[in-house]
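Student: The structure under discussion is supplied below as structure tokens; questions concerning it will follow.
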């Protein structure tokens, strides 16, 4: 990304907007500095890939700051730099900056410091070098602490004055190019494209290589000294994976949840094996290393161990159904034991055992639930929804059952669903919505007696209200959808039999499930809710689908659009966060749970219509 310092707000705005428009880079206020000294201080702990440097910065000029960034005066007295500035100024520009303007320590006099901040440099003059308060750390001392990676970053001079001598001095100081004000978006696009292209052609770090990461190649927005990856080649995203301190605290989880959209689990494990061994094939070495130096093999091995730990704990399903992959994993854990000691290996083996057991129990449970052999087909005469069943109990058992199903959905299934891949538990849960809805309709139209039918209708309305209070939003929508089916809606006598109180409750439920403004009432309620709860998943699926279909997986330069994957991850995490809590204060009723799993349900709308007509024939028939 670009780092700017320009005291012209118009220029800042053009630069930031152009970066966002042409290179998909967002510049935060933390990346804009109001003087050269603050810029140097930031370079001690933040890594940047391009710097736009205003020559006329206060406190420390862009020219002097560049000299210190390039390291030409690190470890030398600041007077060396000041003498060079004076010599250049006096010999080339005829400036009135005299030796008496500088103190022995290199600081300008108080009178001169004030002028250097407020007075613009005239055409042809080198701007004042720097001005600091007495007792502050000198620019040279700060410069000595700049991250080594930042010393090769491209620096573009931004200035309103231009001359051959000035250009020579800027380039001699270590600047790469000059952007003359007034700045236009096309000028920014051209100069950024020029340098970003040059960076892309440099596969490895070396003297004269401006940077190993370009804004377009791997866009990183620096937030508080931490990068947030926006895009990159597969190799770059992988390299960022084994350096979590440089790529952000959430990057590893985001990658592990979504990487299957551009590579297979076998390919990821093979890459990690190569990194651990300290070598890679030609395909790997042809790409630039983002963060990890090959000289730091131990750090890379620790990075691999960290990735494996997260992979096992967060996405064990990759290994659970792939014996070959699991065998390769255990082999790599053995090599970790040899290289890093038993502690790392034992932690990984313990994670494998824990996740294996957890996955086996969950899978067995869901197999029992989804097994067709366990699906009992009931007739309307086998309904457990008798008059003595309270809406409270029905709502509680629905909460327990739906929450159990929801909590069994693995996060990867949400990604698989929008990617048109297998997601059995999620698909089963989604189909559960239709089953609950049509169960409601079936129970109502199955009652030939008007009084019994009104009682069932009343029961479901109160049950929906209880589910709303218990935050089982899934069942609220399912029940209300069942009540809205035409075979139920046409039962005028049944609806007329409701009391005013129940009609009021129904109106409140209809308001809650209103689809207008993209389900605003429901979304607002969800935002204010604290788990446990069961969300209405179809809305999340729609959101995920829009994110997936509305954003390109690859950018124009064929790089992976990781920003899209982050959006998907954030949405999925928002869903799965609700699954971390359960309704512990209610007990499962085995018989009722079995009935809720296999209720009396007629899924044919035509058959339901026939049953409805038998309850209340059309007028005149």
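Cβ coordinates come from backbone N, Cα and C, glycine included.
It should be emphasised that the depicted structure is a prediction, and the values quoted were computed from it without experimental measurement.
Got these off TrEMBL a minute ago, pasting:
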DOMAIN    1-196  domain 'Response regulatory'
MOD_RES   54  4-aspartylphosphate
COMPBIAS  92-101  compositional bias 'Polar residues'
REGION    92-129  region 'Disordered'
DOMAIN    225-356  domain 'N-terminal Ras-GEF'
DOMAIN    390-618  domain 'Ras-GEF'
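Neighbours and distances for these, please.
Tutor: Per-residue confidence over the domain 'N-terminal Ras-GEF' (225-356) averages 85 (mean pLDDT, predicted model).
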Student: Could you give the number of helix, strand and coil residues in the domain 'N-terminal Ras-GEF' (225-356) as assigned by DSSP?
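Tutor: The counts are 95 helix, 4 strand, 33 coil.
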Student: Note down the number of other Cβ atoms within 10 Å of the Cβ of residue 54 (4-aspartylphosphate), including every protein chain shown.
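Tutor: Residue 54 (4-aspartylphosphate) is surrounded by 27 other Cβ atoms within 10 Å.
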